[in-house]
Each structure stands twice: as structure tokens, then as C-alpha cells.
Amino acid sequence: MASRKVRVALTQAASMDFDLQASVDKACQIIAEAGQAGAQLIVFPESFIPGYPFWIWSRGIDVEMTKRYIKNSLKRDSPEMKRICAAAAENNIEVHLGYSENDDDSLYIAQSHIGSDGLIRMSRRKIKPTHVERTIFGEGSGSSLLNVADVPGVGKVGGLNCWEHTQPLLKYHTYAQGEQIHVSAWPPMMPGNNEGTLWNTTTEGQQSMSRIYAVEGSCFVLHCTGVLTQDTIDKMQTHSGQLYNKPGGGYCAIYGPDGRKLSNDLSEDEEGILYADLDMDRVIEAKMFLDTCGHYSRPDLLWLGSDYEEKGILRSV
């Protein structure tokens, strides 16, 4: 039986900061371009719509900027999301979208997998926003653990955001859903030449997290990052911060199920789409040697529990 190939596309692009409509326009243009290039799956960075809130790493609070950000964040059930779903259907392509989700003016770092039929297959929220992200973003609940979609003709596609890749239990739970292609979504990444910067916040440190994810999960990893422009730095006034004070940060990469890098880099300030044809037999080969949720596990000794219930503020008892 011939091996199955899946053509994927990774978005390395700057966001249209504080502009929901322009953000959706740009996302739809990228979706169309990838579809015309024959991609079956296009993935986006963390919070591509309406851009990552870089200013939170530079100062404690900015009421006006945060208010603008809330107003331009994407609602899951909205005309703007319907436009993105329509673009997926029109271009016959699966879309894994990263965005700031506005739910009644509370924000969440979200991912939605939109099918080539225009229907949303999976939506989730970041389980625990990282450090100062918690000043503006809320936490995902139990349903966000169900983060893998079974996509006909592509495979089982899952996703996590940023430092969720440091969470051993969350990673293992994702592997255990049979994931074959993993979307590792990040904001732009910094080289780490600032005094006091932790290595695990740098380009090298964060790419290492994605690479080991590929090894542990025996899956392809699409490491997808945004691009930080001088215009964004000026808008968000991050010049004096230790992070996000210089343009660049684009470091998209593709890792195979054995951890090897399969892609050639774009330059860090370059906007573009990174393409690759994934040979899905590589997943089988990797699992022959290492299946951390199968033959290389010991569930009689160690196991993982989970609670998928969505914990709303109003519940019957």
C-alpha cells in the first residue's frame, strides 16, 4: 500500500493589530493562497487575530490598549468567524486558526479547527495563560482538553498554544488522542540576547519544546510563529521592554515524528507561507520504536485522569 502524503502550510506573518476586519481579511487571503497552492491544511500562529498583546510584557496595565484589544477580538459565533469558515470551504482547505476569543468581553487564547466544508471541527482555549497573559486572558475549561480533530484525508490534527508545551500532563493527554499532526502555535519568538532573559523564552528554547513534542508524541509538529514588525512595536509601545522590543521573531519550522527538522527557514522578518508534504508513514515508523501511549507505556503503574465537563458560572445541582 502506497504511503499517504498530506500537504501542509504554515503561516509566518504579522497580524493586523487592533483591527478585527483587516485581520479577517488577511487570514482569508492567506487561506486562499494556501488553497490555490494545493495545501490541505493551513495553520496560524497564536492569537493571529487580532494580534498578540505584546504590551503586557512591558508594563503592568494599559486600560485603553486593552479595551481596544477586547473590542477587536474574535467571537466564535460571529459574522467574522463565518467569513473565515466560508474561506475554508471556498478553497477546500482545513484551517487551524489561532485567535483571541471574545466571549461576552472576557478574553481567551483560542484555537479552532475549521473543516474544508466550512464547519468548525474543534475549538479550545489555552488551559492556563502564561505569566502576565493572565492579566487579560481567562482559562480554558474541561472541553478544551478535547483538542484533536479527526480530519478525513489528513489525519488526527491537534493543537496547543505556546507554553502549554511545558505541561507534561496536558501534552500526554493530547498524545493519547492519537494525534498525528500537531499545531504548535506561538507568538513571534525572540533570540534571547537581553540580559535576564530566560532561555526557555527564547527562539532556541521554544523550538526545543516543539521538537521534543514530536519525539514524545511520534507525530509531525507544525511550529507556527507570527512576525513582529516595527509598526507593532510602535503601536504597542514595547521599545523599553526586555521582550518584543525588536522586529522579527518569525521562526516557523516543521519537525518529523522522530524529531528531525524537515523545513528550511524563512528569514525571521519575512512574511510568507511555509509548505511541506508530510509522508504519514513516518508516523507509523516512529511508533514502531516509540509509542508513549501504546506499547511503550505502563498504564498498570501510571495513568492520567481527566475531567471534560465545562465548568460554567451557572450550573444545576
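Numbers here mean position along the shown chain, with the first residue as 1.
Glycine is no exception: its Cβ is also placed from the backbone N, Cα and C atoms.
In TrEMBL this protein carries:
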- 6-280: domain 'CN hydrolase' (DOMAIN)
- Glu46: active site, proton acceptor (ACT_SITE)
How would DSSP class the residue listed as 'active site, proton acceptor' in three states?
coil
Using Cβ atoms only, which residues of the same chain lie under 8 Å from the residue listed as 'active site, proton acceptor' while being at least 6 residues apart in sequence?
Tyr52, Gly98, Ile109, Asn161, Cys162, Ala185, Trp186, Pro187, Gly226
Mean pLDDT across the domain 'CN hydrolase' (6-280), rounded to an integer, is what?
96
